[in-house]
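Visitor: Straight out of TrEMBL:
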BINDING   B:Cys169, B:Cys176, B:Cys193, B:Cys233  [4Fe-4S] cluster binding site
Amino acid sequence: MKLSLGPLQYFWPRERTLAFYREAARWPVDIVYLGETVCSKRRELAARDWTALAAELAESGKQVVLSSLALVEAESELGALGRLVEAGGGWIEANDLSAVQLCRLRGVPFVGGPSLNVYNHRALALLMEDGLRRWVPGVEQGEALLRELRAAMLAGGGAMPELEVIAFGRLPLAYSARCFTARALDVAKDQCGFRCIDHPDGLPLATREGRPFLRINGVQVQGEEVTDLGPELPALRALGVDVLRLYPQAEGMAEAVAHFHLARRSPQPPPRIGARNGYWHGGPGMRVDAAS
Amino acid sequence: MQLVCPAGNLPALQAAVDAGADAVYAGLRDQTNARAFPGLNFGDEELRQGIAYAHARGARVYLALNTYPDSARLAQWQAAVDKAAGLGCDAVIVAEMAVLDYAARAHPALPRHLSVQGSATTAPALRYMHERFGIARAVLPRVLSIQQVERLCESAPVPLEVFAFGSLCIMVEGRCQLSSYVTGASPNRHGVCSPAGFVRWEEHADGRRSVRLNRVLIDRFEPAEPAGYPTVCKGRYAVGGETFHALEEPASLNTLELLPRLARAGVAALKIEGRQRGAAYVASVTRTWREALDRYRAAPAQWRPRPGWQSALARHAEGRQTTLGPYHRRWH
């Protein structure tokens with residue numbers, strides 16, 4: 001089983017980002033996803049910085065995948081996406097259909113990202129014709145759905161692509177044209193001052209009775225809980241999961257990687273270090289029992 | 001521009017057609033569409049009657065099959081496509097690739113519209129769906145500004161349909177899991193958002209009310225305060241020490257004043273949201289937009305939004321508030 005570092009969903013200062021990945025080069029992860037997936041205005045690192053980081057990480061033996069923006073609206077964003085695909089060399093994580101189309105036209109292998117909305121074996125097979133090599137199911141898809149999908153794929157004579165599941169981190173739940181961080185700080189999106197940079201783990205949102213609920217991260221909304229599928233490792237193995245995705249968090253990432261690295265080599269499932277992912281078990285994503 | 005109106009049941013369909021809809025869109029009574037609400041939608045016989053009623057009056061019927069089937073249920077969506085073709089629907093509105101692919105192979109003559117739930121926001125995304133599955137039209141997610149819609153009209157490979165009026169999803173359609181995060185039931189998989197079975201209202205001794213979705217507090221209301229339906233995105237939450245509508249306040253999209261720009265941009269169809277609303281809503285909103293469109297067609301240069309139209313539409317808006325939503329840059 002491989003470990004991947006998912007794309008950094010938050011906006012960190014340039015030096016912090018570079019330091020994070022310099023450290024990550026020494027971590028026992030096999031795959032590193034690089035690039036901005038949430039907001040095209042976040043430019044602490046320019047495209048050439050990401051490319052340079054990609055080269056350094058590849059030098060350290062990592063497979064580097066460049067991740068695309070989940071919501072593409074502006075012409076400038078399309079232009080950047082075109083350059084990302086043209087950059088060549090590696091795979092792309094396609095997080096919307098624009099990226100799928102560009103990869104398909106240029107014959108670039110891609111990873112189907114979690115915001116791509118693939119829910120069944122036929123859709124997956126169609127995307128494999130277009131160049132999909134690895135698939136990260138959307139957050140809603142748990143063990144039972146993946147088992148059925150895999151069975152249907154194999155029964156139809158097809159083969160699964162590499163399967164990567166989100167094993168650690170806050171789940172990306174929604175995207176909007178609206179920037180919720182700007183809204184919370186009462187500034188216009190076009191004059192946001194890049195304030196996401198002050199919130200390296202997103203901006204906490206709680207219910208009116210003080211229960212932590214969601215995280216605002218620019219145009220993205222995440223669940224509050226840092227989910228952890230470590231204890232479910234035996235089930236993941238049985239499903240043929242090839243890659244465990246760990247989403248970068250502001251603190252404790254080296255420890256989380258070490259934890260999963262130990263776990264993947266152990267026959268025993270590890271102790272829980274994060275929240276139970278309810279989606280995996282076919283229910284609500286969050287814990288609702290303690291909600292009130 | 002074509003006027004495409006919602007039909008949650010046969011009376012609403014008839015009301016829409018009578019009020020001047022060019023087309024109505026409807027769903028079956030199961031999870032194959034994104035308004036899978038109890039008591040809503042069409043059985044086979046009603047759909048047959050609805051199609052006959054619409055066709056006799058020159059209107060079209062589109063069948064919304066715009067949820068995402070998992071592998072075990074794919075056959076059910078395929079059967080729904082067969083049904084749409086067999087009953088003589090004029091198009092299917094589909095979000096998901098496997099369903100589009102099936103429709104294209106099994107019923108190539110049945111036009112395929114890409115649903116708003118398909119989340120295609122750019123020309124390359126639309127070209128993908130066009131080249132792969134031969135879509136004849138696409139409904140745009142409610143995320144683009146009017147300038148972006150105008151540009152997309154120039155570069156899109158297919159005619160575009162945009163939302164003109166109705167409840168506003170603030171998240172990109174097809175990419176919102178807030179409902180399933182709390183309840184396990186989602187628009188994509190189950191055709192529902194924040195389903196009623198999970199909603200619990202609590203009356204407090206002081207007259208205030210709280211509303212919970214699967215035990216999560218969505219909002220609390222003062223005694224006289226109007227309270228809307230508790231979708232997760234329209235609740236009030238605490239962020240940075242302040243409590244407010246952190247994601248969106250209850251309001252409906254109303255693009256009436258943009259009608260000339262949408263027409264000049266070459267938008268093919270205007271969509272009215274609201275299959276969950278009754279025949280009275282459908283009749284009133286359809287009539288208003290029909291009149292506005294007819295006036296525009298007759299004399300585009302003189303066209304102005306009439307106060308009577310705006311007040312008729314505001315009466316049907318959530319919280320009686322309307323917004324230009326994402327079409328207007330300031331909303332973002």
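Cβ atoms are placed via backbone N, Cα and C, with glycine included.
Automated prediction, rather than curation, is the source of TrEMBL annotations.
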Visitor: Give me the count of other Cβ atoms within 10 A of the Cβ belonging to B:Cys176 ([4Fe-4S] cluster binding site).
Guide: 26
Visitor: Taking each of B:Cys169, B:Cys176, B:Cys193 in turn, which of these binding-site residues have a Cβ less than 8 Å away from a Cβ in chain A?
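Guide: Correct list, in sequence order: B:Cys176.
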Visitor: Would you count the other CB atoms within 10 A of the CB of B:Cys233 ([4Fe-4S] cluster binding site), including those on all shown protein chains?
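Guide: For B:Cys233 ([4Fe-4S] cluster binding site), the 10 Å Cβ neighbour count is 25.
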Visitor: Only counting partners 6 or more residues apart, tell me which same-chain residues put their Cβ under 8 Å from the Cβ of B:Cys169 ([4Fe-4S] cluster binding site).
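Guide: Result: B:Arg142, B:Cys176, B:Cys233.
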Visitor: On the three-state reduction of DSSP, what should I expect for B:Cys176 ([4Fe-4S] cluster binding site)?
Guide: strand
Visitor: Long-range neighbours only, meaning 6 or more apart in sequence with Cβ under 8 Å: which ones does B:Cys193 ([4Fe-4S] cluster binding site) have?
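Guide: For B:Cys193 ([4Fe-4S] cluster binding site), the qualifying residues are B:Cys176, B:Ser179, B:Ser186, B:Pro187, B:Thr231.
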